[in-house]
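Here's the structure we're looking at; comments come further down.
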Amino acid sequence: MARKAIIEKWSKTPKYKTRAYTRCRICGRPHAVLRKYGVCRICFRELAYKGEIPGCRKASW
């Protein structure tokens, strides 16, 4: 319940720009968010595994 309230609060534009911070678009996680994709590392990994992120594949060497 608290996370939903935070996501709702985050969706509005803040009074001051410095108060804005990145959150995952899918789960709302505030840490480890990849700015280029707008998702956290966990959701990014799931999306990459499913093949939903074009041009991204697992590294292997």
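Note that Cβ sites are derived from N, Cα and C of the backbone, with glycine treated the same way.
Record features (Swiss-Prot):
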BINDING   Cys24, Cys27, Cys40, Cys43  Zn(2+) binding site
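With a cut-off of 8 Å between CB atoms and residues at least 6 apart in sequence, the same chain places Pro30, Val33, Gly38, Val39, Cys40, Cys43 near Cys24 (Zn(2+) binding site), listed in sequence order.
Taking the centre of the Cβ atoms of Cys24, Cys27, Cys40, Cys43 as the Zn(2+) site, the nearby residues of that chain (Cβ within 8 Å, site residues left out) are Arg25, Ile26, Gly28, Arg29, Val33, Val39, Arg41, Ile42, Phe44. For Cys43 (Zn(2+) binding site), the number of other Cβ atoms no farther than 10 Å from its own Cβ, over all displayed protein chains, is 19.
When secondary structure is read from DSSP and collapsed to three states, Cys27 (Zn(2+) binding site) falls in the coil class.
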